[in-house]
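A.B. asks: Let me give you the structure first, and then I'll get to my questions.
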């Protein structure tokens, strides 16, 4: 316990070894921990991060397969999921959508207490002996808070140790604690011992707890800075509390470990093979695609609307007006670049925050998640297909079906390359707005070096390499080469000279779109791996 800013969360992350950027050591049973420590201990964070489209049963099944599939059959895994659902009293809402208020999936589902229980349940699948919780009652009313702590108390009856940071529990909740650790407002230790002995200890220091007074309120008032009081006096009072504790028998009986053992081992993450993780990520992503059907349908409707607007504006002008043909292809390629990249940039950081949490709990990995996400995003290509279909036939391009199919596939290739670019840009930060801020640095050069706004031959030699990194350049070039023959031959030759295109480079252009597609996927993997590496300390 301690006031806000005392360092409760930081201390919890350090003793659970999720944060190893500290001095000193952590010992368990008089010995330093090993990498296997993470298989018998769990940390439940204050903010629960859950996919809103999943049900509690599906959520637990995902985590159970990820952590238990190496040594258990699917029947045993399902049985364990049912046991945990009953253990945290979620069996009645096991098939209810989690829901939430995030921008991606706003839907009513579980209550706040049920969501908190579900976060705890996912960490109980391996029956850990040591459970750390950061503010498990945060954001809950008193009834829900007591229910959560009742569940945690039940867990201790089976021999588990529960360590939780709390802010200001009720007197009923306080009576359930066996031990209390109090942090002063400046982050120092004022007491660590049995809860039922704390009142007597502070009485010996002339700090009396009034009768019928909530002990936790008494503790919190004692270790907090009094509003309006002299800072020097408050500091002196804290020094007195800390000095008294350091001189007590509780400290003298606790040996100190001088070794920095927390930096001498590697963390052990993951229990399932990459193939298993890929399959369950694919399963979960398809569930999202199925249940978030509104987004799926809207994507198609918006694409059809944009394609229809292009078709109306350039109605049957592809063969009769070469300037409008250039403008049409350039405009639709740029629109494809923006819409495809922005769509993934608003969703990916929110999903990634959950995947990071799963990674550190041993339930996921970067590669399997990205590959599964790439496969499930493929059906979203139906939107660009609708757009290009309407545009193609309404503007009067080549009526040959084979050429239409090649044209559409080329456009969709540009769509996927743009999506991969947006995913890479958004991988720099968990904040979507950071990605949106960075995006122009990628998009602007791609448009400037597309060959339309600036002559290719006029580009300075030291900047010419930027043309090879332009999705717009390759998309426009391939589409233009495919349709240039619909113009009269003399005019077609002049137009090709004007935009400085070579008809023999169409295969190269399409190939480069796919190279950029997979290239951005690989860069995303590298970027996320580096972020996780530095996050582990």
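Every residue gets a Cβ built from N, Cα and C, even glycine.
Quantities reported herein were computed from a predicted structural model and do not represent experimental measurements.
Annotation comment: TrEMBL describes 1-211 as domain 'ABC transporter'. The transmembrane segment annotation in TrEMBL covers 293-315, 327-350, 370-392, 404-421, 433-454, 466-486, 506-528.
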A.B. asks: Under 8 Å for C-beta pairs, could you tell me which stretch among 327-350, 370-392, 404-421, 433-454, 506-528 has the largest tally with the transmembrane segment (466-486)?
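C.D. replies: Result: 433-454.
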A.B. asks: I need to check the long-range neighbours of the transmembrane segment (506-528): which residues 6 or more away from its ends have a CB within less than 8 Å of a CB in the stretch?
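C.D. replies: Non-local partners: 352, 366-367, 370, 374, 410, 413-414, 416-417, 420-421, 423-424, 427-428, 468-469, 471, 474-475, 477-478, 481-482.
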A.B. asks: Looking at the domain 'ABC transporter' (1-211) alone, can you tell me the average pLDDT?
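C.D. replies: That region's mean pLDDT is 85.
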